[in-house]
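Summarising the annotation, Swiss-Prot assigns region 'Disordered' to 1-39, 62-82. If you look up Swiss-Prot, you'll see 7-39 marked as compositional bias 'Basic and acidic residues'. Positions annotated as motif 'Nuclear localization signal 1' by Swiss-Prot, on the basis of sequence analysis: 15-22. Summarising the annotation, Swiss-Prot assigns motif 'Nuclear localization signal 2' to 51-58.
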Amino acid sequence: MPQNEYIEQHIKQHGRRLDHDERKRKREAREAHKISEKAQKLTGWKGKQFAKKRYAEKVAMKKKIRAHEQSKVKGGSKPLDENGEALPTYLLDREQNNTAKAISSSIKQKRLEKADKFSVPLPKVRGISEEEMFKVVKTGKSKSKAWKRMITKHTFVGEGFTRRPVKMERIIRPSALRQKKANVTHPELGVTVFLPILAVKKNPQSPMYTQLGVLTKGTIIEVNVSELGMVTSGGKVVWGKYAQITNEPDRDGCVNAVLLV
């Protein structure tokens with residue numbers, strides 16, 4: 001167990017106080033009084049910050065309540081035909097129930113389908129240690145400082161990327177190891193296209209590597225597929241699509257990926 005989780009460790013070993021739930025309930029009940037006291041007594045900059053925070057909380061709560069109320073609204077459908085024309089009088093009494101909840105649930109379902117995980121070609125990859133990923137760069141007059149690190153793997157940086165000042169740059173991404181394009185294979189069509197990389201979506205090694213844009217085997221990247229002429233069911237052109245890297249770019253010198261369709 002990590003060193004900073006000693007409280008959780010103690011709870012697991014010895015349990016909680018017998019009156020823990022009661023104390024927690026009372027603490028939560030006192031919270032409103034404490035907030036009220038702070039709102040009345042705090043002045044100056046602290047008072048302004050507190051008021052700003054409370055205002056944001058109230059706005060968020062009102063939005064949440066309004067959204068919850070709208071999701072349960074039921075009412076008659078508008079007297080309009082599907083093509084936007086007014087219904088004749090003899091059809092006005094045939095009101096079809098319009099349930100906002102059903103609409104919102106269908107939208108949620110679509111979002112879930114969109115966010116659904118792909119069955120990736122490489123479900124498991126080898127772990128990479130920090131010693132393998134980073135090389136220590138010694139700096140200073142006598143080369144005694146060792147706080148800088150250089151990434152030894154291929155990386156992707158965006159179009160408008162600029163390096164930080166050398167004195168403050170802790171992690172170096174060498175220009176020679178930066179990739180802008182990838183050889184992407186379409187699994188159904190069986191064609192390979194040289195497409196530009198848009199972003200690094202997920203590196204399976206660590207969230208930090210995702211943030212740094214490190215390209216290793218199994219990494220999910222977003223590529224520009226506008227050249228393939230792919231369209232959605234609604235007829236819109238697809239620009240970005242996810243692909244998984246299937247090779248080791250630092251060994252091959254290029255990025256090979258399979259499109260996730």
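The first residue you see is number 1, and the count goes up from there.
Note: Cβ is positioned from N, Cα and C throughout, glycine not excepted.
Helix, strand and coil content of the motif 'Nuclear localization signal 2' (51-58), in residues and according to DSSP, is 8 helix, 0 strand, 0 coil. Within the same chain, residues 35, 39 sit at least 6 positions outside the motif 'Nuclear localization signal 2' (51-58) and bring their C-beta atoms closer than 8 Å to a C-beta of that stretch.
Over the motif 'Nuclear localization signal 2' (51-58), the average per-residue pLDDT in this prediction is 95. For the compositional bias 'Basic and acidic residues' (7-39), residue counts in helix, strand and coil come to 28 helix, 0 strand, 5 coil, using DSSP.
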